Amino acid sequence: MPVALPVTLYPDEPMARHSSWRAGGTARYYAEPATPDEAIALAAWAREQQLPLIWIGRGTNLLVRDEGFDGVIASYRGQRWELIEHGETAEVWIEAGAPMAGTARRLAAMGWAGLEWAEGLPGAVGGAIVGNAGCYGGSVAEVLITADLLLNGSECVEWSVHDLAYTYRESVLKQLLHTGIPPLVLAGRFRLQRGDPAALTARMKAIAAERKQKTPAGSSCGSVFKNPAGDFAGRLIEAAGLKGVRIGDAEISTLHANYIINRGQARAADILALIDLARTKVADQFGITLQLEVRII
């Protein structure tokens, strides 16, 4: 019996609409489930149609190759959250589709500390959990308690932060992104402490100002490469003489060399060519192999 779909499917969807790079090919089907039941139904439909299924966040570190993806790409959009107070501490349960920075701001305004480092962090909670997002002295691994997951497109489970095996910008979830129907993060439960709303808000405003000053203008997916141990990817790329190098409409930023900017109509191939160039030059000159922080489909 065919699976009834409670979620809208968008055929031949240009994924440039869903990537901060504003570049990339099409997905055969694109969907935005907003509940676990919708995600389960979508996974069942994809299995029935014998189509590969990939879960994504908000596309802030995503590039789909120009030839596109012959399957289903889905972005989970549930955004509910619930705060459970325990005197001077609290736990907040946040669905994966909620914006990381916006949620952190709301909690700070309520006097809850723990996520203020996420000010200006692009993307949603789910992607942050998968990639152990971090900046300005904080990271997901330090405050996450548990994650609610959908495994094999059918089984809802809860994993502890230890189960996720976090390292720098890595998790076991990230390693499983390309295996069968990959795990989907449905929600995360985070640890908070009571703080002064004015002080927390002031800190977040300072972080936002610093981030704005350091972030190149234009369409990008943020840091392209992870920082190697004891060094910075941007410094190495700059030292290799690649600042400002352009292929098509893709450019290695003159402000921060670990950013690749779409200056107009860049193709995924242009961005990938700059990625390969940076990797090759840095490896040749410094003997360091840069590892991607962005996700290529």
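Every residue number used here counts from 1 along the chain in the order it is shown.
Cβ coordinates are placed from backbone N, Cα and C, and glycine is handled just like the others.
Straight from Swiss-Prot, the features:
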type: ACT_SITE; residues: Arg169; note: active site
type: ACT_SITE; residues: Ser223; note: active site, proton donor
type: ACT_SITE; residues: Glu293; note: active site
type: DOMAIN; residues: 22-195; note: domain 'FAD-binding PCMH-type'
**Prompt:** Cβ-Cβ under 8 Å from Arg169 (active site), same chain, 6 or more residues apart: which ones?
**Reply:** Gly131, Asn132, Ala133, Gly134, Lys226, Glu293
**Item:** Cβ neighbour count within 10 Å of the residue listed as 'active site, proton donor'
**Value:** 20
**Asked** Which of the three DSSP-derived classes (helix, strand, coil) applies to the residue listed as 'active site, proton donor'?
**Response** coil
**Prompt:** If H, G and I count as helix, E and B as strand, and all else as coil, what does DSSP give for Arg169 (active site)?
**Reply:** coil
